[in-house]
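Colleague: Here's the feature list from Swiss-Prot:
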{"type": "BINDING", "residues": "460, 466, 469, 470", "note": "Mg(2+) binding site"}
{"type": "DOMAIN", "residues": "39-152", "note": "domain 'tRNA-binding'"}
{"type": "DOMAIN", "residues": "407-482", "note": "domain 'B5'"}
{"type": "DOMAIN", "residues": "706-799", "note": "domain 'FDX-ACB'"}
């Protein structure tokens, strides 16, 4: 919004410069986007009076003038302007004056000779001094303009224009009054309101149309007043034209200019109807479906039924709060009008203007909220301006009000200590009361709080933090010192990141590279990686792209596309891992976000080399997974079970448990799934991070190694092939007690001399006591106990050789 500094200072005039004023507004939250003078720089131009005009002896279109600029002798100036006359006062550029030019260097006035006649200066039109005017010729100044006065001073051309960025919540600042109110509070100065006479002293007008408001929620306050016998020969006063032009508005005709002037001055949009075009009575209602109206911009629109319109018996006259209609528009011949001033609910105006591609000053203000107590004052101001300038007569006011539907202004309780807690410094309650009172709040001070009722023009005040912001910005952000809060905080060390980093390093040491991707996935890929254990696929309401439209249920959804990308670029050996969240659930309400680590591997065990290589297998994957476990973990705590996940190979996959707690899964991607993704044999795994971190945090007591010798005993047994190695090892450990310090499988045999459906397994048992050297009898007893347990529990047969 552009606004004139001179206009602002008519309302409040602080003792500071233009730059200081702009800085004050910026620091108060009203950012100054630009600041510039009304006219570009020039010098040497004064007010002069033409005292004689004679025809040039050698040029039909030139005149020789004598001009009084307050010097001892008048200046002789040759002029070609058609409107030069004796007695007129004009801007005079004296010799040495520098006028503005498009190239920025300036145009210097020198003594000249035009067709044999000396010319000592130049009489100026508006364009020569960087102004706009619709008159072809000299800029005629008022007759009371003081001769010899610098024209910049007389016309106020050093007046600064402030281009202010108004934030959406500050609709109350879309006017001179609103900005001046802020300046008055910042500088603790009174606001100088213009004198607005009582608007009730009017003549009675029998022709005034009746008004009905059927949409009271959308329009709870509506004023209409007639003005008749308007003299249209009177032009808009220059001071009003200047104010509008400097605010970025074009001068149209006097009646339209008045409504625009009041809009900029007070912030209330008004609309004038040509009274002679109104048929019957006025009704404020919602539009009828498919009702049409031709607007002032000659655009004909079809309404849908939720737009608010001002209508007469013939149809819609205006799109309320947005733009008037052409049928009732004010023209240069209009002499009788009815003037509208109303409060329209922001919800009734919002989005309607954009629907029809309209953006008007009125809609911009009504959408953000206009003071609902302002319509009567603005109407009185406009009526006074029109009647005082044109000598017209104002008619009666028709007022339709429904206070039940006006915006409520609920009191807000502000604890005094809360201000200190948020801002960080003590502000005296009396200062808070002054600031809030000057901002228009009704303030009731209590022992430990302030009860504040927002003014009618503040639609952005609802919670105590809003009040604290108002206090802080008026008190001055520059006056609030940067003091660090004194807090006693217990900073507990969180080792999650460090432990996770150690797991990542273990995978990197085994040839894996880390991938970082979105938590979103392709719905088609999720369908391939489907299993009832993973719940439902949760779709995003606003996906960033079609291939990232759902939440991933496993990290494979992110890793497999990475594998595809690399295989398509002749990378035959691929290793990736990723840490992140997987999202499992049947709906948003039961969604579980699990921090996980996943790996994927394709290709040979090693990079291409001169020595024999081989394809990756399940045990290589198992080895890589176990690198994520602490080295000190007892293998007896680890258990594997066959996995039932549909997207894994049923014979090459497993579930991992630690201390009977489910940790994750690993195995070969199901061949059918791999085929649909154009992948070769692919090994995958995913583990939950939480149990892995718990394991890593375990504290283990340091024990002294036994100084007594170890004893090894080997046993070979025949067992059914469907009995897992893990089950047999568990049985051995339970039967052996504390003397068994280590155990491993060193031979597997199936074939000749081994019955069908069985296999021969050979185990190494390491026995050791911490207190004594074990005797042969003690070792034999312990070994026999293990063999007996295997025989009883698994029908194992001890092999002699």
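Quick reminder: no glycine exception, Cβ is built from N, Cα and C everywhere.
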Colleague: What number of additional C-beta atoms lies within 10 angstroms of the C-beta atom of residue 469 (Mg(2+) binding site)?
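Modeller: I get 16 for this one.
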Colleague: Give the residue from the binding-site residues 466, 470 that has the most other Cβ atoms within 10 Å of its Cβ, counting over every protein chain displayed.
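Modeller: Within the set of binding-site residues, the most crowded position is 470.
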Colleague: How do the residues of the domain 'FDX-ACB' (706-799) split into helix, strand and coil according to DSSP?
Modeller: 31 helix, 32 strand, 31 coil
Colleague: Within 8 Å of the centroid of the Cβ atoms of 460, 466, 469, 470, which other residues of that chain place their own Cβ, given that this set defines the recorded Mg(2+) site?
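Modeller: These residues sit around the Mg(2+) site: 458, 461, 465, 467, 468.
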Colleague: Residue 460 (Mg(2+) binding site) has how many other Cβ neighbours within 10 Å of its own Cβ?
Modeller: 16
Colleague: How many of the residues that make up the domain 'tRNA-binding' (39-152) does DSSP mark as helix, as strand and as coil?
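Modeller: When I sort the residues of the domain 'tRNA-binding' (39-152) into the three classes, I find 5 helix, 47 strand, 62 coil.
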